[in-house]
Amino acid sequence: MNVYIFLLLIVVVVIDVLEASSDDITKQHYEKSVLKNHKDITRIKEKLGQWKNSVVTKLTSSETNHQKRTARHLTSKRNSVGNQPITLTELNKDLLDVLYQVDMFLTEKQWDDFLSKTNGKNRRKRQASSSSFRLWAMPIPYYIDTTTVDAHTKDLIEQGVAFWQNYTCLRFTELTAPSSPCVQFIKDNGCYSYIGYNRIIQDLSIGVGCEHFGIITHEINHALGVFHEQSRYDRDSYITIDFTNIQPASINNFNEETNTTTTNHNVPYDYGSVMHYGEADFAINPSIPNIYAKEAYQQNTMGQRFKPNFNDLLLINTHYSCLENSGSGTLPLFFTIEYPISETLD
Ligand SMILES: *[C@@H]1O[C@H](CO)[C@@H](O)[C@H](O)[C@H]1NC(C)=O
Ligand SMILES: *[C@@H]1O[C@H](CO)[C@@H](O)[C@H](O)[C@H]1NC(C)=O
């Protein structure tokens, strides 16, 4: 009997060791591949660490504790829409110590801006398009690295680019070799993008599991300069966050932007934005939400990854001043984006 238990223990220990070492290999691979272009990665990790500490205290302040109590009274039905990719949170779980809010890669300069803002020092007023966050000039050059990206994913990327081009005044041009500046689509581990224009060859990764039209258009939108919907500075009027159902190490991913550093261009808050987190990302108990829509019927709209919706397009069309030039005929006067919202409603 004791011998059996002993053998069982050995098996368990061996399995643990094997798992640990394969995790280490994956981790090393991430560090090498994700970070191959980023010699400053250690400093970026440090900055992310400093920033995390400073935002978490703020987020879990007494005001939010009050909100989370009211949140418990709300109810929700889990999102049951078919064919949705698994969440970015899951896809990027090994990258969370280098990325901002799940899937954005900030440059060291952008981290410096964030830190000075969060620490209340050196508060400079800047718009989304100024300082370290800039607009692209047209046409936006992009390159698809076919040494890593397969033909099917390349096709999806081209469709994603075509979508933004079809419904905005943005114009893109595909390069045959990477050249600075450009968006370089690669297949790395996970799905991530730089935010905005950075005057470099900026990687945008469509890794395993990320090959979905909704995720690709989401990542391109980051490269265009857009943050996540639920981090808008006015989000507390639309959602209630239950911080008690967020894994403590991930609370920083629920920070909000400020009205001095970002602009919403008067575009309404949209639960159905392709940039909105799902209702239970980073949940301790994923069978209940940690984001509650104040308009309860919108609960299951959050987290859709089908395609950018009307307001996603309106934001970009405004941000890039497309509407002022609509006389040029490049922008349709009316456009409707159909995605199966009816399936998400009761
Ligand atoms: C973009 O427009 C072209 C031309 O009208 C069309 O063939 C293509 O399907 C559209 N693609 C997307 C993703 O909207
Ligand atoms: C920006 O936010 C601050 C602090 O939350 C607030 O006092 C101010 O009225 C806001 N300004 C605008 C233009 O919304």
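Note: Cβ is positioned from N, Cα and C throughout, glycine not excepted.
On a predicted model such as this, the values are computed, not experimentally measured, just so you know.
According to TrEMBL:
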type	residues	note
ACT_SITE	Glu219	active site
BINDING	His218, His222, His228	Zn(2+) binding site
DOMAIN	127-323	domain 'Peptidase M12A'
SIGNAL	1-20	signal peptide
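Structure coloured by features recorded in TrEMBL.
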residue: His218; record: Zn(2+) binding site; Cβ neighbours (10 Å): 27
residue: Glu219; record: active site; Cβ neighbours (10 Å): 25
residue: His222; record: Zn(2+) binding site; Cβ neighbours (10 Å): 23
residue: His228; record: Zn(2+) binding site; Cβ neighbours (10 Å): 25
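If you average pLDDT over the domain 'Peptidase M12A' (127-323) in this model, you get 92.
Distance between Cα atoms for His228 (Zn(2+) binding site) and the residue listed as 'active site': 10 Å, as a whole number. Secondary structure from DSSP puts His218 (Zn(2+) binding site) in a helix. Shown in sequence order, Asp103, Met104, Ser193, Glu219, Asn221, Val226, Phe227, Val274, Met275 are the same-chain residues outside His218, His222, His228 whose Cβ sits within 8 Å of the Cβ centre of the Zn(2+) site. In the three-state DSSP scheme, His228 (Zn(2+) binding site) falls into the coil class.
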